Amino acid sequence: MSDSTKASLSSANMGNIHIDPTGFVKLGAQLPTLANILAQAIDELGLTLSAQQQRSLLLYLDQLLLWNKAYNLTAITDPVEALIKHVIDCLAIITHLPSGSLLDIGTGAGLPAVIIAICQPERSCTALDSNQKKIRFIKQVSSELGLSNMQPIASRIEAHEASYDVITSRAFASLIDFVAVAEPRLADNGYLCAMKGKAPSEEELDALSNDWQFKTIKLNVPRLHDSRHLIELSYKNV
C-alpha cells in the first residue's frame, strides 16, 4: 500500500463525501479504497445517497466482518469482495423495488434487508430468519446505525402472520419454493422480488400458477462479473 493511501486513513473523500474512520474496526487502512468503490457503484447505479447513508453502508460491512466468526454470517472475509458481493449486489435492486412495507425472508446477515433500510428510511423493513444468532446480529447493527425502520424477527416464515407489500429474498435456490412460502404473507396487490443469479428457465416459469405475472430484470452490478437478475412476480390483476 502506498504512503499516500496510508496517509488518507484519517479521512476517505469521495468528491464532497467525507467518511470519518471513527468507529470502524475491521476495514482499517482499506476504508478510503472501499469508500471510493462504494461511491462509484452508487453513481453507476443511479442512486442518490447521503454521506451518512454511505457511512452506514460501510459501518454495516465493518460490523459484518467484525462479528462474522461469532455469528457465522458470511463465507467472504475479504473486505473488497464482501463490499461488492454483498453490499453493492443488494444496492443494485433498490431502484427496481415497488413501494410499500417490505419483508425479507431468510435474511441471514440482513441482506438485502439492512441495505434497503439504510437506503430507504421511509420504508418499513422486516428481516426474518429462523437463526437466532443472525437476528441478534441484525438487531445489534440496526441499533448502532439507528435504523428505526428495521424490525428483525427470529421466526420461520410459516409461523409469521403479518402481510407485506413487497417480499424479497436472496436465500431460495428455487423460485417455486420462494413463491410457495412467501405467497401467504403477501398483501393484496403486492409483489414478490427474488434475487437470482441466472434468469429462471422456461420450465421454472411454466411451473408457476397461471395466477402470476412476472418480470425478469437483468441487473448490472458494478465490479461484479457474475450474472444477476431480479424476478418480480405479482398477481395478474395487479
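Counting starts with 1 at the first residue shown.
Quick reminder: no glycine exception, Cβ is built from N, Cα and C everywhere.
The annotation in Swiss-Prot ties GLY106, LEU111, ILE157, GLU158 to S-adenosyl-L-methionine, and of the candidates under consideration, ARG123, ARG170, the one tied to the same site is ARG170.
Residue environment of GLY106 (S-adenosyl-L-methionine binding site) contains 20 other Cβ atoms, counted within 10 Å of its Cβ in all protein chains. Residue environment of ARG170 (S-adenosyl-L-methionine binding site) contains 20 other Cβ atoms, counted within 10 Å of its Cβ in all protein chains. Counting only same-chain residues six or more apart in sequence, the Cβ atoms lying under 8 angstroms from the Cβ of LEU111 (S-adenosyl-L-methionine binding site) belong to HIS86, CYS90, ASP104, ARG170.
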